2 protein chains.
Amino acid sequence: MSTFNRVAIVGGTHGNEFSGIYLLKKWQASPALIRRASFETETLFANPNGFRDNKRYLDCDLNRQFLPADLANMELSNYEQSRAKVINAQLGPKGSARTDLVIDLHNTTSNMGPTIILLKADAFNTQLAAYVSSRMENAVILFEDHCSVEEHYFLCSIADQGIIVEIGPQSQSVVRQDVLDWMDEMTAHILDFVELFNKNEVPELPATVSAYRYEETLKLPESEDGERLGMVHRNVQDADFTVLRNGDPIFTLFDGTEVCWEGDYDAYPHFINEAAYYDNNLAMSLGKKVEIDVIR
Amino acid sequence: MSTFNRVAIVGGTHGNEFSGIYLLKKWQASPALIRRASFETETLFANPNGFRDNKRYLDCDLNRQFLPADLANMELSNYEQSRAKVINAQLGPKGSARTDLVIDLHNTTSNMGPTIILLKADAFNTQLAAYVSSRMENAVILFEDHCSVEEHYFLCSIADQGIIVEIGPQSQSVVRQDVLDWMDEMTAHILDFVELFNKNEVPELPATVSAYRYEETLKLPESEDGERLGMVHRNVQDADFTVLRNGDPIFTLFDGTEVCWEGDYDAYPHFINEAAYYDNNLAMSLGKKVEIDVIR
C-alpha cells in the first residue's frame, strides 16, 4: 500500500512568481510529465487574480493564511483569506487532509538557486533531502522546522507533508529559463522520490545530508518611524548561503556608514534583499549550517 | 557665459525603481554632493504616489507622456498624465525649457550595468560619452537618437539636453548597493563633465567613442490572442550588449522548441527580459555597435 496516494502541485500562490505558473501550463499540456504510477498528481493555480493583476497578492499574502484558527475564522474574508479557505477545502482540510503531499512552487529575487524548504526532519523529508541532493548538484536544502507543521501558516502545511520549492534569483513578473528549468527538474526529482518511497525502492543514501536550518530574520536599518535608513551591504548581496561571522559588514546606511553583524554563531543568510519582504522592511533570514541524519 | 545654467536630476519617474529615489534622499541630506560652481542643480521626485503604492505607475507609464501633443491635451488627466503636465511646467516647458539639462535616473531588471542613454549625437553628448567612458570602466553608452528630442516621449526630453541613467540588474522595489553606487558615480561624472563643459575645460578626449545605437524592439513569442508562448533563451538571458547573430537561439518556447534570430546584422540585445516590459510582451531591444565621432 502506498504511503502517498495524492500529491498536489501548487503554482501561483504569489501572482508575480511566474515559474510555477508557466510550469502548470506546461504540465496541463503534457500531463505525463508529472504522472507517476503509484499516486495521483493534481495541480492547482492558487492566486489567479494576483497573476491577472501582476501582483504578489491583492489583499494579503496568501502564503501566510493557513493557520488553523485563521482558516476557521469566517470574519477573514478578503480575496486571499477566501482563497485560503477554498484551497483548504479542496486539498485539505488541514489536520486531516485528503492530499498527502503539497509541493508549492515559489520564486525569490534572492540568489538562492534551487532550494527546497522542508517543514520537518522525519524519515520522508531527510531521505528526500539526501535523494534530491544526490541528483541535483546545486540543490540547497533548508529546514524550517522551528515549529510544528500545524503551527506553520504556509499553504503547503495543509497536508501532513508539505514542501516549498523556492528558486531564484528571478525578478518578480518575469520568466527566466534557468530558473524555470531548475524548478522543473527539482519537481521531477521530488515526484520520482515519492514514487520510490511508495514502492519501498529508495536507493542507498548517505547517512547524513548537508542542509541549513532557519534561525532568525533580520530587519533593514530603519528610523523610529519605520523609514529605511540603509541597505544590504554589497558583500552580502547575492551571497545567499555564504557564511557571515560576528563583525562582518552586513548593512550600509545611505550616509555611507557600515553596520556589522553582531552574532554568536556562524550564520548563513538567505532570502537576502528579497523584494517581497520590503513590505515589512525585512533584510534577510539567517540559518545555521547543519548535517542532518538521514532516517531510514 | 555658461551653456548650462540649470540642471535637474529626476528620480522616481517609475515608483518601483528605488536607486534614484534613495539617491535623491541622500542628496537632499548632503546637497554639496550635487552642487557645482557654474550651474544650479535641482532635484525632483517625479512619481511619489507610484513609490507610495510600490508600483511603476498608477495609471500609465510616466516616462511615455512627454510628447508635445499629449502635454497640450487637457483630456489626458489621469495621475501620470497630470504629473507630466506639472513636471513640464516646473522644468520645461518642452521646446523652450528653463532647465538646460534633465538627468533622469532609472533602474532595469536587465543586466545592463551602468548605462547612459543619450538622445542625440551632438558635441555635448559625444564628448560626455567619451568623458564618462574614460572615467568609468564599465559604463555603457547607448544612443536612442532615431528620432528628434521633440519626438521622444521621455521625461528628459523636456529640456534641450536630456539623459537617462539606466542601471541594472536590480529587481523592482529593492535597493542594491552595487547599483546605487554605480548610479551615484555616473551622475557625479555627468555633473563634473557639465562643469568642465561650461568652463571650456573639457580635457583631451579620444577621437571616437564605442557605443550602441537603438535599432528595434522584439516581442516575446505569443499566440494570436496575446498569450505568452515562450521566454528569452537561456543563452541570451543576462547577455545584454553581447552580440547576437543570424541563426543564434533567442527564445525557448514553453514546449521546449528553440527559436533562432533571423536578422541581417550583428545585433546587441539590451533591456533583455525587463520585467516592466512584459505589459506589452516585449522581450528585448536590439542595437548596433557603433564608433561615434567625438565632435569638438
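For all residues, glycine too, the Cβ spot is worked out from N, Cα and C.
The annotation domain 'Succinylglutamate desuccinylase/Aspartoacylase catalytic' is assigned in TrEMBL to A:5-193. Taken from TrEMBL, the feature Zn(2+) binding site applies to A:His14, A:Glu17, A:His106. According to TrEMBL, the active site, proton donor/acceptor annotation covers A:Glu166. The domain 'AstE/AspA barrel-sandwich hybrid' annotation in TrEMBL covers A:208-288.
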* Identify which of the recorded positions A:Glu17, A:Glu166 has its Cβ surrounded by the largest number of other Cβ atoms within 10 Å, counting every protein chain shown. => A:Glu17
* Asked: In whole Å, how far is A:His106 (Zn(2+) binding site) from the residue listed as 'active site, proton donor/acceptor' when you measure between their Cα atoms?
  -> 5
* May I have the list of same-chain residues other than A:His14, A:Glu17, A:His106 whose Cβ is within 8 Å of the Cβ centroid of the recorded Zn(2+) site, in sequence order? => A:Gly12, A:Thr13, A:Asn16, A:Gly20, A:Arg56, A:Asn63, A:Leu105, A:Asn107, A:Thr108, A:Ala276
* Long-range Cβ environment of A:His14 (Zn(2+) binding site), under 8 Å and at least 6 residues apart -> A:Asn47, A:Gly50, A:Arg56, A:Tyr57, A:Asp61, A:Leu62, A:Asn63, A:His106, A:Asn107, A:Ala276
* Asked: Reported in the order helix, strand, coil, what are the DSSP residue counts of the domain 'AstE/AspA barrel-sandwich hybrid' (A:208-288)?
  -> 6 helix, 37 strand, 38 coil
* Asked: Taking the Cβ of A:His106 (Zn(2+) binding site) as centre, how many other Cβ atoms lie within 10 Å?
  -> 25
* Can you check how the pLDDT averages out over the domain 'AstE/AspA barrel-sandwich hybrid' (A:208-288)? => 97
